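Copied over from TrEMBL, here are the features:
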type	residues	note
REGION	227-252	region 'Disordered'
COMPBIAS	228-238	compositional bias 'Basic and acidic residues'
REGION	275-340	region 'Disordered'
COMPBIAS	290-319	compositional bias 'Basic residues'
COMPBIAS	320-330	compositional bias 'Gly residues'
COMPBIAS	331-340	compositional bias 'Basic residues'
Amino acid sequence: MANTIENILAEKGQKFKSIEVEKDLELEIDEGNLLAVDTNPIDIKIFRTNKEKFLSELARDNTQLLLNRIWELPTHRKEDVILAKLPEPKTIIPREKPVPKEKAATKWEKYAALKGIQKSKKSRMVWDETHQEYRPRWGYKRANDDTKDWLIEVPGNADPYEDQFEKRLKAKKERTAKNELQRLCNIARNSKGKVPGVGLTPTEAPSKDHVSKALALAKSSDASLGKFTDKLPKEKAPKNMGKKRKFEPNTGQTKIEIGRQLDILGSIHKKRPAIDVTKATNKMIDAKQRGKNQKTKLPRQNKGRKSEKKTAKSTKKRGGGGMGGSGGKPAGRKPMGKRK
């Protein structure tokens with residue numbers, strides 16, 4: 001019986017190695033960076049016989065020494081998890097980007113920290129009274145989804161002619177706008193700067209046009225849109241402030257309206273379509289210009305090379321030969337063509 005127990009313990013001991021590791025030289029351990037540097041020399045013979053086994057055993061031993069050092073640090077428990085408090089790092093490791101700054105607390109977070117209000121985690125599933133089942137709080141097929149209601153009961157103290165669907169939609173838009181305003185206020189408060197208002201943003205050296213536009217916007221920002229704003233003496237009217245669109249009168253001037261309608265009717269009943277002389281002239285000029293451009297285009301590079309070869313052949317001197325000719329061919333004979 002004792003032998004079997006010893007055998008079982010020996011088999012388990014082979015599977016799980018001891019946490020004690022012996023090294024000739026102690027490792028340089030940086031707990032803050034979870035870094036261990038092994039300065040012990042490597043046995044080349046063992047390394048060459050089996051590289052994978054040697055490296056795995058070396059990594060296991062060094063990791064065990066690093067974990068032994070971590071368990072010596074002060075620990076604390078948080079939500080059924082034991083955490084070790086790491087010290088400041090000793091080794092300075094370069095990084096690509098700067099360390100991110102801590103996110104500034106919002107107005108509600110500051111108030112909650114001051115009053116000791118703790119955030120409670122909401123459950124994902126809630127009870128739906130309409131369908132009598134548990135449904136997700138948000139997303140698809142969420143519980144108590146008021147957007148699927150086809151009928152809304154009018155409260156007793158409400159206006160019977162008021163659209164309850166429109167009222168609900170308006171309230172939702174107001175909540176969304178309020179959340180967005182609070183988010184922008186938090187950003188402005190954390191950045192410690194003023195958010196520019198509607199209109200022109202301030203500049204260091206405003207130009208004359210910029211000042212005139214700012215003045216026109218300021219004058220038209222009252223309740224009467226600048227209609228009853230007092231003007232300074234010798235003040236000029238603002239430029240490029242937009243022109244009011246003019247419409248034809250609905251009553252009166254019947255002759256002008258009859259003439260306009262007759263012109264439209266005459267253009268419809270014409271046998272031949274009306275020719276736009278300006279458009280036709282422009283098209284003709286454009287076609288002529290294209291023809292001239294095609295004629296004056298330079299020849300291609302390939303054709304230029306071929307023409308150079310032909311001229312070089314024609315100007316090449318022929319060597320003196322017999323048969324009374326200046327070239328190698330006999331004079332008076334014509335070159336024979338290819339047989340068809």
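Placement of Cβ uses the backbone N, Cα and C atoms for every residue, glycine included.
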Please report, as numbers and ranges, the same-chain residues at least 6 past the borders of the compositional bias 'Basic and acidic residues' (228-238) whose CB is under 8 Å from any CB of it. 212, 215-216, 219-220, 222
The compositional bias 'Basic and acidic residues' (228-238), counted residue by residue under DSSP: helix, strand, coil: 0 helix, 0 strand, 11 coil
